[in-house]
Each structure stands twice: as structure tokens, then as C-alpha cells.
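Enquirer: Quick one: the structure is below, and I'll ask about it shortly.
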Amino acid sequence: MGISCSHLEETMSKPPDCLLRMLRGTPRQRVFTFFIISFKFMFLISILIYWHTVGAPKDQREYSLPVDFSCPQLAFPRVSAPGNIFFLETSDRTSPNFLFMCSVESAARAHPESQVVVLMKGLPRDTTAQPRNLGISLLSCFPNVWIRPLDLQELFEDTPLAAWYSEARHRWEPYQLPVLSDASRIALLWKFGGIYLDTDFIVLKNLLNLTNTLGIQSRYVLNGAFLAFERKHEFLALCLHDFVANYNGWIWGHQGPQLLTRVFKKWCSIQSLEKSHACRGVTALPPEAFYPIPWQNWKKYFEDISPEELTQLLNATYAVHVWNKKSQGTHLEATSKALLAQLHARYCPTTHRAMKMYL
């Protein structure tokens, strides 16, 4: 085609006068130049979206962890309640990190007589082919923790999300994993009822007295990182309908926090959120209940705090959301006085012991 900068890398690394000559060239040359620039731009955008969705690369030390863990002696009563506390892993990851372990352990310790069910999409149905890693080994120490495979097609079956999922699984979208997680938690609670928690929560108190409840993140938006609902509740049915009717997988949060906010405002016939609100049997608790530290201030979790200040900060908190999307990759010294380290030591001591041993 008579273009002197023929290869992609060469084209984008030439000085500006080369690019100017190409832009002044024949129509074919200009089309080719536009294609190269567009390709490089889209490639960069794809990388940024991936990092925004999945996060930065994990700490390499996690890949050298042992696969077995010596369980401590645990005095847990016999499980009497049905499986009503759920954690979901909708990616193919099957090796829980330390925050994931702490989330599940803290829930198990706060609810010793209830089943804490961890559903993981990457787990095979064949129980003889289960992965061996530190996270699975440690969580298996707790008699009330059940780790099971997650079949998304089966989960969405007989819900308004079935047709959506059959199409969505075959197309690319920038926020595919978060959207899938948003869909799964609503379908799960609609089908079975109970409590759902994100895997970056640390549970401080028993949550079983909370029914048909969610949390306010800020004055503008609710958050679905914690949800507690009865089986087949009408509010969840409206969420399922809105998920499909107003679907947009290209806007961050549109199918999650924004969806819950839209439905809640319609449910309560309100225009804006208050500090807390309850109507028609559904309660939105104030930010201090689950989001005592706003996401903008996530670094506070890694700052030192006195035990007295910690108690005062979390006095009205049921569970602490750590904003893993922002904080992942940040080094935490397990023996420090950092807020997060103190939470680990107090509410997930088994995970904390493993952190001190291996980090």
C-alpha cells in the first residue's frame, strides 16, 4: 500500500511527522492509519476495563502457600438451622484469598448453629476432583461451612434471568463478572431466601435478626454486598424483572447498586434516599451498619487505630465491607495495629494465624 510504517509497533512508535504523512496520504492510507489507531485505542481500553473489573495482579506470595492446614480445636454446636448464609464466587477461581477466608470464618463464628454455604462456579461436580489449596483446607475446618459447586444455568432456571443468561454467556461485555455476581445473588435469595454476603465482608455480629433488609452505602445509592430476604419476596421479584427490563451491561453498577436503588425508590415511592428507611416490610439500614468507612476512604483499613477508637467506630456495625476492589494488593502486616489486622485477629483468628505464618 506504499505505507512506510507497515507494522503496528513501528507505526505507533514513529515520530509525529510519520503519522502526519500517513494522514495526508491516499484514502487507503488514511483508512489504514485510522484502523491502526483505533485498534491500539481499543486494546488499551480493554486492558483498563479488565483491571477495573478484575483488579491488579495478585500478590505472588499467594501462589507459594501450602495446600494443607492444621485445624484448631473448635467447639461448635450441632448445626440446626438450614443453609441460609451464602457466599458466591462466580468467576472460575477456586483458591480463596485471606480476605475471602476471613469473611467466611467470621460468618461461621457469628452463626455457629447455621450453615454457611460457599458456592463456587469453578468447582467440579465430581467430589473426588476437588482442588487442594490453603483456603479450601482452612475453611473446611469449620463444621458449619459447606463448600459446593455453583451451576449458574441451574440457578437461573425458572427465573426471569434464564433467557438473559443463555444469551449473555456467549457475548462479551466489559463488566461481565460483576454483572453475573449481581444476577446470582438476587436469584439465589429469591429461590432459597437467607443472607447473602460479598467475600470482602468481615462479620462482627449475628445477622439472623435481619430480614428483608439491605444497606445504604451513601445518600445516593444502596449496595447489594449484604442482602437478607425471605424466599420469593416480592421485592426480589421486582429486582429480577428490572434486571432484564432495564438491562445495560456497559455501565458500572447499573445491574447492582443502581438496580437496587431504582427498585427501592419505586417500592417506597420516594425520590431520594434518607439515612435509613423502611417501608412495606423492607428496611434499608444506614451506612454505619455495613459500610462504616466509605469506599473513598478505604485506606483507613490499613492505618493504625487504637482498640478504643475501633470499638467506637464500629459500635453500630453488623459487618464491615472492606472494599476489596480498591484495597486488593495493598500489603497488610498481620501483627500490626492496622484496623483491618485488628479485625482479622478478633473475628477470624484462624485465618489471622495463617496470615502470620505465611505472609
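Note that Cβ sites are derived from N, Cα and C of the backbone, with glycine treated the same way.
In case it helps, Swiss-Prot gives these features for our protein:
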type     : residues : note
CARBOHYD : N209     : N-linked glycosylation site
CARBOHYD : N315     : N-linked glycosylation site
TOPO_DOM : 1-30     : topological domain 'Cytoplasmic'
TOPO_DOM : 52-359   : topological domain 'Lumenal'
TRANSMEM : 31-51    : transmembrane segment
Enquirer: What is the Cβ neighbour count of N315 (N-linked glycosylation site) at a 10 Å cut-off, with all protein chains included?
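Expert: Neighbour count, Cβ to Cβ under the 10 Å cut-off: 9.
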Enquirer: N315 (N-linked glycosylation site) to N209 (N-linked glycosylation site): how many Å between their Cα atoms?
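Expert: A Cα-Cα distance of 17 Å.
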Enquirer: Could you give the mean pLDDT over the topological domain 'Cytoplasmic' (1-30), rounded to a whole number?
Expert: 50
Enquirer: When you measure from the Cβ of N209 (N-linked glycosylation site), how many other Cβ atoms are you left with inside 10 Å?
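Expert: The Cβ of N209 (N-linked glycosylation site) has 9 Cβ neighbours within 10 Å.
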